[in-house]
Structures are given as C-alpha cells and as structure tokens.
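J.: This is the structure I have questions about; it appears just below.
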Amino acid sequence: MPHFTVVPVKDQAQSSYDSLEGVNWVDYRDTGQDYPDHQDTVSSDGHGNHKEDSPFLSSTDAASKKNDFYDKNLALFEEELDIRPKVSSLLSRLVSYTNITQGAKEHEEEESAQASRRKTPKSPNMGTLMGVYLPCLQNIFGVILFLRLTWIVGMAGIMQSLLIVLMCCSCTMLTAISMSAIATNGVVPAGGAYFMISRSLGPEFGGAVGLCFYLGTTFASAMYILGAIEIFLKYLVPQAAIFHATDPPGSDSAMLNNMRVYGTICLSLMAVVVFVGVKYVNKLASLFLACVIISIVSIYAGAIKSMTHPPEFPICMLGNRTLVRDRFDVCAKTVIKGNITVPSQLWDRFCLPGNMSSAQCDDYFIQNNVTEIPGIPGLGSGIIRENMWGDYLQKGDILEKPGLQSVDAHGAMENFGMYVSADIATSFTLLVGIFFPSATGIMAGSNRSGDLRDAQKSIPVGTILAITTTSLVYFSSVVLFGACIEGVVLRDKFGDAVRKNLVVGTLSWPSPWVIVIGSFFSTVGAGLQSLTGAPRLLQAIAKDNIIPFLRVFGHGKTNGEPTWALLLTGLIAELGILIASLDMVTCYLFFLMCYLFVNLACAVQTLLRTPNWRPRFKYYHWALSFLGMSMCLALMFISSWYYAIVAMGIAGMIYKYIEYQGAEKEWGDGIRGLSLSGARYALLRLEVGPPHTKNWRPQLLVLLKLDEDLHVKYPRLLTFASQLKAGKGLTIVGSVIQGNFLDSYGEMQAAEQAIKNMMEIERVKGFCQVVVASKVREGVVHLIQSCGLGGMKHNTVVMGWPYGWRQSEDPRAWKTFINTVRCTTAAHLALMVPKNVSFYPSNHERFTDGNIDVWWIVHDGGMLMLLPFLLKQHKVWRKCKMRIFTVAQMDDNSIQMKKDLATFLYQLRIEAEVEVVEMHDSDISAYTYERTLMMEQRSQMLRQMRLSSAERQREVCFLDQSNVRRMHTAVKLNEVIVNRSHDARLVLLNMPGPPRNTDGDENYMEFLEVLTEGLERVLLVRGGGREVITIYS
C-alpha cells in the first residue's frame, strides 16, 4: 500500500483538520515546483468552512494540462481533463498527501522553524511494537498498580477484585475494538479520539467529548503527580515534609497540605520541561517505560521467591488489632535488661508513667496479648483462603485479623493513633472508580497514527495486544497479592504496619527500593506524557474552530508548541493538585464519556451502513459497540452517580454551546446520516395521509422577489413568516430567476446565498429553493407544484402585493399575481397576501397595546381564527387583543349571531371580542359609479379592440352591471372596515377569488385596492378548502 509522507505544513489561518479532510496540499519537492496558492484549490462557503471547488484534486501546471489534453488515448474526455484528472495524476497526488500529526514528532523537528522548512520529510517508519504496543503499555500501567491495587485486593477480596478488573478491562477492550474499526476506516491524521469522534459523530459531539477527554487527561496528570508526591513523601524522603501534625487526628490534614505544596512545585517543574521542548519528554519516555517493566518483573520475582524464602516483614498485633510499627522498637509489653524485666516502649505508649504494678494502663492493652505474625506469609502459605472475600471498612475502623483471639474491651481514645485504621469509607463502587484509571491509556496508539508505517494494521494489533497484556498482569497481580500478603497488610493503604514501606514493595525482589524508585519514575513519566498530550488536544480542538472562545488556544510558539493551551492545562491540573487526595481525583469519568462515544460512533456507522464505512479491521460488530457503550454508562453511575451527572451535564452544555454558537462544519459525520435516516422514516410515516385538523398549522411557501442585484426586495415578508411560525413547522422560501438554466446557474447559486443570508438575519428556520424559468409565472407554478418532499409539503403560500401595478405599462406583474392566486386555489392551498408589508413590524419591535381585527365575511376553513392566535404567540404581537367582526344582512338575526359566535370562540379556546356589523341595503352611491367608470375607462380600449360590434354592446352592458355591483360591495365593506379598524395594528380580511373570466383580471385588482384602501396593514387570507381549526380535543 502507498506510504504517506509527513511534511511540516505551515497552517495558521485554517484548521489543520480541514486541510486534511480534502487533499488540498501536494508535495512538489520532487518536481522542483513551488507550492500552489492555497486559495486556488479551496473556497469558502461564507461560514469559515473551507471546501474544494471540485470533487477532485486540483490539476497541476499548464504543461501537465497540455499533455493531458493531447493524450490520444483519452481524446473522448479531453474537454473535461481540466476538472477531472487522469487516474495516474490522482494516484500521484495521493502518494504526496501530507499528513500532519498532532503528536510531538513534528514539534521536535520544528525546534527551529527556519531549519525545519529546509528538512527533507522523513517517511513514517514506526512499527506495531514501538509505535503502538509500548506507548499503550506505558500509558495503561500507572500509579494505581503500585499504590492502590494491594489495598483494593485487601478491601474487596480476590473474587470481587477480579470482578473489578474484569469490568474495567472488558470496557476498554470493547472500546479498543470499536476504536480499531474507526481508526482503520481511512487515514486518522491527528487528534486521536477527538478526531475519530468528531469526524464520526459531528462537531457538536466531537467538541463536547474532545473537551471531556482533555479534562480527563489534564486531571490524570494531576493524579499522576499526586501519586509521585505520595511516593516521595511517604516512602522516599519522609523527612522532607513541611507540615507536621501535633496529634494523630491531624496527620491527614498535614499530609494533604504537604501534597499541595510539593504537587504545585512538581507541576510547575513539569510544565517548564514541556514548555522547553517535548523532545526531552520523548527521550525520557524509554527510561520511564523501563522503570515500569522492571518494577512489574520484580513483583513476579518476589512472589516466586516467597514460595521458599518469604521476606521478613513481621507485623505486631495487639489482640486482633494491627499496630503502627514505627512507633515502638520491640513488639512486646516488657523487655529484659540485665536480668530485670522493664516496660517496653509499647508499654509506655499505652500506660501512664509509674512502676509496672501501679501503672494506669489502657483496658484493651492490659486484657490482650501482643503477638507477631509474618506480613508476607508467601505463596505456599494458604493465606489465599482468608483473602478470598472482601472486608469493607468505614472511616476510622481499626484493621483487625479475624483469626486472632481478642478480648473486647474499651480502649482510650488517646491511644487510637497506635492502631492502623481506615482513612476513608470503602465500598465496591468506590473501588471501581479508583481502579478504572489504571485501565485507561488505550488511545496512545491512535494518537501516533501519523508516525506509523502502517497505521491501519498497527493500531488494532498493538492496542488489543497491550490491553490483553495489561489485563493479564492485573489479573495475575490480584491473585498473587491475595496469595502472598497478609490481609491486614493488604488493607493497610500506606504500609504503617510494615514500618512505612510501600506494601507492594515488601513483596518485590531483590529489594523494596526497586518498586519505590521504579513506581516514582513511572508516575512522573506518566504525568509528563499527560501534560504533553493535553495541551495538544486542546490546540487541535481550538484549531478546528468549532468553539469560538477557544480560538486563542490554537496559537503557540513559532514551532507549533501550544503555549497558551499549556498554561490553561497547568491551571486546571492545579485544581486537581489542590484536591490533594489520590482517591478523590475523578478523572476516569471523562475517559468513560470519551469511550462511550467511541463505541457509539462505531455502532452508528455500522448500523447506518454508510458507503464510506469500510474498515480494514473486520472483527467488530454493532452489538459489541453497544455492549461497550452500556458498560461505560454503567461504570459511570456505579462508581459515582453524582459525578457522572456532573460530567454528562458539562458535556451537554458544551454540545448545546457548539450547536448554538459554534462554527458550522460538514465532516460527513454519522449524526448527519442518522438525521437523514430519521427524516426518511418520518417522511414515510407522513405519507400515510394528510394531517388531522388538530395538527394543522401553516406550512409556508414564501414567494420572494429579488431585485437586479439579487437582493431581497421585501425582507419584511420573511419577518412576517418568522413571527407567524415562531420556529415551528415547515418554511420554504422560493424565488424565480428568469432565464436559461445553463446560463443562469451561477446567478441561481448567488440568489440562494442571498436569500439564506436574509433568512438568517430574520431568524427564519427553513429551506431555500430558487428555480430558473423562461417566464416568472411558469417558475412560480413549478415552485407551487414541486416544493417539499412527501408528506412534508407546504399547504400555504405567502406572496407580496404587486405594488405600482396601476402605473406600470407592463401587465405581467399583476397577471403573474392573479395567476398565482388561481394556481393556489386549484392546488387547494391556502394563500396569504400581506399588503403594505413594509409597514409590518420588525422582530425587534413590541406592540404594547392595540388590536388585531379579523373581518370574517365568508367561512374559509377557520384560517382567519387560527392566524391571529399563531401571531400572538410571538413577542411582537403578544400584547395585542383580538377582535372578530362579522357582517350581518337585513334578514339575519344579529343578536343571535353574536351569541353563536361567542360560543363558537369559547369552544375554540380563543379569547376575542365579538362584534356583528349590520350592512343595510342601500342605493348605489355616485362614488361607486365614479370608481367603476374610472376602472372601465382604463380597460375599455383593450376590450373594444377584441370584440365585434354586436358582442361589444352585450358585453359592455353585462360588465357594467357586474362591475358596479362588485364595486358597491367593495366600497361599502371598505367604509365599514375603515370606520371600525382604522387604528388596528393588523386587519385580516377574506380575500375574494379571482373572476372565472380572465378578461376581468384588471378589474379584480381594482376591487382589491378599493377594499383595502385607507388601511395601514392588511393581511388578505384565502383558505385552502379544508377545515384548519376544530372545537374537539
């Protein structure tokens, strides 16, 4: 397979991952050509995202183009070779694909920015052993194995300890299987788990989990530093303690203060080392790994040697209670000095000064014997039977050996410090949380994918082998500890019973110092690795530009070192140091969150069967991923349910922040595929039939007009749509460009972008569709017919009023308007025409009073009732009152009509004032005749030209009567409406239908003008022929 060349690439303005998504950079070093301008191959979509201008690699220089064009074997394709390169050209560019790694290697090579540009790129040459297996071993083995595993075995017993190890290692193994599938599904350039999750589940999940993984790694560095300081102060140099307790109960607080001081100093020194250069960390990594391996081997050697020669670590017992061994010299009540029996130091500790007969002693001390038992009975002693089951303790409980005789007597509290006691309350769930960090670190191989010779082979094999090795070590260590070490010593966390020795060190061979020194260096090394990796992970997230406030952390030194990210990491790690307790630093929850989403990513991709999902690693299954995901979730709540809720809350807040504020990214992630599958399922369900009246809401098709510069002519149409919808339901914004599709494609894209920008400004959540047609009216008909998909289609059309139609010599504007009215009627769609739309309020205005008046003249399915209710849900119209007017004729009972209407509105649960307006029959006024005459004169010439003399006389007579009658209605209605609603914030009015005879179209426009004259804001409404509101629940 081809090997990818690692080339240091200067990347400032754009995310390194964006440049890796498409093959934008080509290494021209071999041909002696310069790098092409980056802007030639990458364009921007207006949101800060870079995308390729074509789905193929950019072509080379003019010479290569010329050769391509005149290739005789490809003459059939010669006109396309400038955008569709030959396969040989494609492959040559893939070989030169530059892979930017997040790890430390390129930073080490870029210590001098000037020199690094002149370096010849080296091919990645690390194999499975050095590139994945050993780094994973180093990251997985850590502080818990040396400082806490013996204590976990003592508290939980061998059986439950094996269960804890099995749960944690199974979780990481299942995660490793999922990770292997993702890591082998194409090139994983950098970022490790963050890159895999973000590119599989999208930027929201990727950013949330990436930051959780960053926090976990940062707190892990604090945990390792605390472990190193605990080894330093407890076992290496105890006299270095600054704070000392004056009484035994205060020893814990003094120890915590010492940990804080030394931890802060150690963190500062490590941060300086990382800042100076990661090459020192890399060079020390081999030494630290050797320390870990030597320490583990010494444990096995000591366990084997204990079969024949167990080490001498006697424990002093008073009754069945364990004594702190370094507070006295001889394990006896009395000693013989020169044939005289005198009190021992132990006697002096429990008794007041005086001779042995009259001394006042502790009751428990007097009634129980002092005995000495071996702390390490050895592998052949049979102690394994006693250590098989757990013995959980509460805080302050004294460590007791069940098999020893003891007289239960009350002891004095001042002597409590002589006994070894539990420093914290223990339970199975607590021990799971304490042990789990020792199973983490499985991502070390995927983080180094850019340095591997064959990443798709090395990552699965190396990671799974490393987890298998560490799991076997943990399982065998649990059994060996339980089979070799006395139970009270196992439960002794700090080795007080064995003269302050590290408990695991008492078993090691040839000396306890092998473990003490080895574990100290291994924890320091692990802390350095975490402190090195965490800032780079934060830098990777910052460079992806998905979280705006993190952008500053994407910058660093000239060689790429993440200086600002390192500073933030140090501050967060300091918070962990201030906690000061190794058992309380809960970094594992963030790792569990990360592992959970790695499993989710694999499961989603597998179930969706995305065409691009073709992992080389075949031994995965979606069921295993779901099992791993379930185990991660279970472990989170088993170990600490309240911290689990906090961790999930943090991830949830980051997710919502990225979704609301972050930059939009299209990474071909699985969540988009999941959304597509969900949308397809929902659309197929919607196909069953039209929605019930209770679920009916206006699904809008907003028809916009663009000016010559492709700007939206009436943006208030979009404002009105956003106020009516309030983010609910479907909104499609459509427009028509007149012309030929082949010639106007670019113009169409520009128009779409202009409309999308305006939709964003007006906060309209919906879709945009622009069509190119030879005639505008044909384009409008196409939009009405074809917009939407399946059951998700528009049921209401919103269009603007054709202003200036009287003055315009071109009748196409108002003819298109009337044609659209006819088309919506034919398609059984509702229609809304906001007149004087420029006077409509913006989204920033608020009406503090006023009325929305509804003039209900004919029943149109209830649209006139529903629209004001929907408008009043928006903050602009919320404080307006609703009034409903209906018209009564002479033969109607207006009083009964008002009662019936009030009852109807009550059943509809709509609050509104009701008024019935009586319109008496009256003679047609002179004003009506005058308006009709004006209208007739404008169109008389056209009619006269089209009619014969006989038809002309009949038609004129007919038209006169019809138009006069309609004009009379328009004038009378307008008088009533203006009289009652002249100060209304909005008037909703039934829109009369256009005449069946198209010759009267111009008159129809005049009728509508007369009907709405004198009103500031009018919404003409025409129903779609179905009921849209109901009184039933």
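The backbone N, Cα and C atoms fix where each Cβ goes, and this holds for glycine too.
Straight out of TrEMBL:
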COMPBIAS  28-40  compositional bias 'Basic and acidic residues'
REGION    28-60  region 'Disordered'
REGION    102-123  region 'Disordered'
TRANSMEM  132-151  transmembrane segment
DOMAIN    132-303  domain 'Amino acid permease/ SLC12A'
TRANSMEM  163-188  transmembrane segment
TRANSMEM  208-233  transmembrane segment
TRANSMEM  261-278  transmembrane segment
TRANSMEM  284-303  transmembrane segment
DOMAIN    403-701  domain 'Amino acid permease/ SLC12A'
TRANSMEM  424-444  transmembrane segment
TRANSMEM  464-490  transmembrane segment
TRANSMEM  502-521  transmembrane segment
TRANSMEM  563-582  transmembrane segment
TRANSMEM  589-608  transmembrane segment
TRANSMEM  620-646  transmembrane segment
DOMAIN    715-833  domain 'SLC12A transporter C-terminal'
DOMAIN    846-1033  domain 'SLC12A transporter C-terminal'
J.: Please tell me whether the transmembrane segment (163-188) and the transmembrane segment (464-490) touch - that is, whether there are at least 3 C-beta pairs under 8 Å between them, with each pair 6 or more apart in sequence.
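T.: When sequence-distant Cβ pairs are counted, the transmembrane segment (464-490) touches the transmembrane segment (163-188), since at least 3 lie under 8 Å.
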J.: What residues in the same chain, six or more past the boundaries of the transmembrane segment (563-582), come closer than 8 Å to it by Cβ-Cβ distance?
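T.: Sequence-distant neighbours of the transmembrane segment (563-582): 143, 147-148, 215, 218-219, 221-223, 225-227, 230, 256-257, 259-260, 263-264, 267-268, 271, 274-275, 531, 534-536, 538-539, 542, 552-553, 555-557.
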J.: Where else in the chain does the transmembrane segment (132-151) make close Cβ contacts, counting only residues six or more beyond its ends and a cut-off under 8 Å?
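T.: Non-local partners: 223-224, 227-228, 230-231, 285, 288-289, 292-293, 295-296, 434-435, 437-445, 448, 452, 458-459, 461-463, 465-467, 469-470, 473-474, 477-478, 481, 485, 489-493, 502-504, 515, 518-519, 522-523, 525-526, 529, 582-583.
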J.: Please tell me whether the transmembrane segment (261-278) and the transmembrane segment (284-303) touch - that is, whether there are at least 3 C-beta pairs under 8 Å between them, with each pair 6 or more apart in sequence.
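T.: Counting Cβ pairs under 8 Å (6 or more apart in sequence), the transmembrane segment (261-278) does not reach the transmembrane segment (284-303), since there are fewer than 3.
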J.: With helix taken as DSSP H, G or I, strand as E or B and everything else coil, how many residues of the domain 'SLC12A transporter C-terminal' (715-833) land in each class?
T.: 57 helix, 25 strand, 37 coil
J.: Flag the pair the transmembrane segment (284-303) / the transmembrane segment (620-646) as in contact if three or more Cβ pairs fall under 8 Å (sequence separation 6 or more).
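T.: Contact absent: fewer than 3 Cβ pairs fall under 8 Å.
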J.: Would the transmembrane segment (589-608) count as touching the transmembrane segment (424-444), if touching means at least three Cβ pairs under 8 Å and pairs must be 6 or more apart in sequence?
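T.: Yes, the transmembrane segment (589-608) and the transmembrane segment (424-444) are in contact.
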J.: Give the one range among 424-444, 502-521, 620-646 whose Cβ atoms make the most pairs under 8 Å with those of the transmembrane segment (464-490).
T.: 502-521
J.: Against which stretches of its own chain does the transmembrane segment (502-521) lie, if we need a Cβ under 8 Å and a gap of at least six residues from its ends?
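T.: 143, 145-147, 149-151, 227-228, 231-232, 234-236, 287-288, 291-292, 294-295, 298-299, 301-303, 305-306, 311, 313, 375-376, 480-481, 484-485, 489-490, 492-493, 495.
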J.: What average pLDDT is reported by the model for the domain 'Amino acid permease/ SLC12A' (403-701)?
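T.: The average pLDDT of the model in the domain 'Amino acid permease/ SLC12A' (403-701) works out to 84.
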